[in-house]
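> Input: one structure, supplied below.
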């Protein structure tokens with residue numbers, strides 16, 4: 001009697017891991033569609049407000065300071081000067097806030113075994129990222145269309161500044177995703193404590209405008225490195241020497257590491273708290 005020899009385990013197709021990845025991608029895509037409907041609605045009005053809000057902030061700052069000052073610290077356009085810092089700052093704040101609400105927003109769905117905490121984190125982060133890319137592109141296009149911009153733009157530092165903002169947003173957001181759910185008061189504390197970032201991140205001034213004692217303190221705010229990097233791309237004459245990309249990287253890596261560790265250990269348990 002001829003016996004059939006079973007195939008070697010090494011020759012068997014390893015489809016399990018691919019299947020899990022495909023399921024995770026489908027889950028993330030479904031969560032993104034759900035997020036689009038609930039956060040921005042079924043009409044363009046939600047996205048319209050996402051565009052109008054930064055325009056309003058930049059316009060108010062430009063009008064207010066143009067009445068007090070003859071010219072901004074860099075260039076001749078108040079709008080471009082403030083937009084070069086406001087946009088990457090809001091880019092960080094909005095994406096971070098979206099990721100921080102991952103557990104609260106999708107708590108009911110995470111009761112299903114195929115929906116993980118990280119699916120919710122990435123879904124909200126990706127949608128916020130795509131939305132902010134669209135918003136920033138529209139705002140910058142409008143500025144260059146209607147303002148007499150004579151600056152030579154270098155897109156390299158600008159894109160790097162946005163990449164740093166994204167890295168920081170995911171790092172801080174992943175840690176906050178658990179903290180804002182486990183401690184209900186934490187979200188309010190963060191909302192209040194993060195508001196001074198508009199004053200502390202070099203939006204109204206450049207780092208070099210500050211006295212030395214203020215520079216020594218403000219340097220530890222990673223966003224002032226990002227806004228300075230962004231402005232160096234918009235203004236060719238600006239060459240900030242205080243920027244430390246390694247500091248920004250470490251500042252985002254530490255909360256990302258501990259956030260991922262906590263979510264991996266306690267993420268699913270959070271829905272039963």
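Any Cβ shown, glycine's included, is placed from N, Cα and C.
Annotation comment: TrEMBL describes 45-266 as domain 'ABC transmembrane type-2'. Look at TrEMBL and you will find 46-68, 80-105, 125-146, 158-179, 242-263 tagged as transmembrane segment.
Help me see these features in their spatial surroundings.
For the transmembrane segment (80-105), the list of distant contacts is 35, 54, 57-58, 61-62, 65, 72-74, 117, 120-121, 123-125, 127-129, 131-132, 136, 139-140, 143, 147, 149, 151, 161-162, 165-166, 168-170, 172-174, 176-178, 180-181, 187, 190, 194, 197-198, 201-204, 223, 226-227, 230-231, 233-235, 267, 270-271: same-chain residues at least six beyond its ends, Cβ to Cβ under 8 Å.
Residues 28, 32, 35-36, 39-40, 47, 50-51, 54-55, 58, 77, 79-80, 83, 87, 90-91, 94-95, 98-99, 162, 166, 169-170, 173 of the same chain, all 6+ positions outside the transmembrane segment (125-146), place their C-beta atoms under 8 angstroms from a C-beta of that stretch.
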> Do any residues of this chain, six or more beyond the ends of the transmembrane segment (158-179), have a C-beta under 8 angstroms from a C-beta of it, and if so which?
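88-89, 91-93, 95-103, 117, 121, 125, 129, 136, 186, 190, 222-223, 225-227, 229-230, 233-234, 245, 248-249, 251-256, 258-260, 262-263, 266-267, 270.
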